[in-house]
């Protein structure tokens, strides 16, 4: 925090940033509570084209299907201001609306085959963490799947994403009832009727509460603007083996403090992945003709970064591969997060799956950011979710699965400000800065001219009566040389050749050349002095 910066300071009422605070009535507060435009939310799914081969331990082959385009609306409600702590408390709601017009030719009715998120997810986690329960869970899974014959799910795309896949929990057998009860308590399924549940990727989250947040408003310290204080009444997480990994670092990603520099990271904390991610400065950029800063994200390599060992299951031996993050502690399922198509990740991950084609343009994470105002003008947050698959030991159906990280889908959440918003940024910030700069230089120029003119006027007033003694030659003619070119106006010498009184007016060129010394010159002319023309030339 640079609270000692004279530009930033701690004055909450400083005019240059009072509209950026999350104080009631400010423009920023209204936009923070409800973004006035939807974010673009795109989903890409990976269809496994050879599930039978994979069930026998073969190499998976996938084909990407997408994008399925959604509007994502973010709204914060039930807001409470705490003046003493300078915090804002709110509940977040995310709403996704399918846009078939922007998804064409895709409709959501396409059939897709993927590793079964529910079956494999549950069995793999039990095998990893609670192996003693494997017989009970395996028996219950066989009953509700009636019976279990494969580790893959073939279903309609929109059922998988939002509408839901039916899970039969009508059996009264103990293992089946225990399994269904566990799935419900974990929030993996939602009730459909008395005997069935529904499972989907996003259905449970659509239009529902996404947690109770507390963030700083930035009134007392603008550099704290938007910083997460607590989530669901917890001031830190409790899922990693290390305090640093459990901290909330940064904002909720919809707002950032102003006056950042290229040395700062853009930090944001996300409950969807239970960790903070920091984007680093990547260079200068332009957006809509405006100068910007370009920030990029790197997931790093936890194995070779001791400060990130708290994200490892058993460091340094069991850590997520380079360019990935282990989401199992957060999601309760063997899910690995990465950039799409394993871009910027361990090459071994890409080699283990056919059909992936990573490239920077489509798969990197970026932000075009205006540092002074803290405004992201164009951004794409991209994350791929893959399942960490391995053989289920002693299982007749799932015992031959390969050990592989198999992509399920990836999501892109982004927005690019249109002309309405970039023009507002241009006229309120950039042109404002240019106007301020122009005013500053205009003030300097006018001040300089004023000094010169003022000096000239003072010079003129104080030199109205100067006694001049012309230097005569032996024959009575005026002296030539340096003094010959000097203009003297007033009375002519008297008949006795004595002195006369005449004002001396310097040229504009002389004034400009000597403007810095005008106060000294003027001081020397407080009263009339008897000087010769030659002396005046030498003096001025």
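The backbone N, Cα and C atoms fix where each Cβ goes, glycine too.
Checking the ranges 374-394, 395-415, 416-436, 437-457 against Swiss-Prot, the transmembrane segment annotation falls on 437-457.
Residues 193, 467 are shown; Swiss-Prot lists N-linked glycosylation site for one of them, 193.
Range annotated as transmembrane segment by Swiss-Prot, chosen from 64-84, 85-105, 106-126: 106-126.
Within the set 206, 475, Swiss-Prot records N-linked glycosylation site at 206. For the pair residue 418 (N-linked glycosylation site) and residue 245 (disulfide bond), the C-alpha distance works out to 37 angstrom.
Checking the recorded positions (193, 206, 274, 330) against residue 312 (disulfide bond) with a 10 Å Cα-Cα cut-off leaves nothing. Scoring each of the glycosylation sites (193, 206, 418) by how many neighbouring Cβ atoms lie within 10 Å, the top position goes to 206. Put simply, residue 319 (disulfide bond) is 9 Å from residue 310 (disulfide bond) when counted between their Cα atoms. The two recorded residues residue 245 (disulfide bond) and residue 330 (disulfide bond) have their Cα atoms spaced 12 Å from each other.
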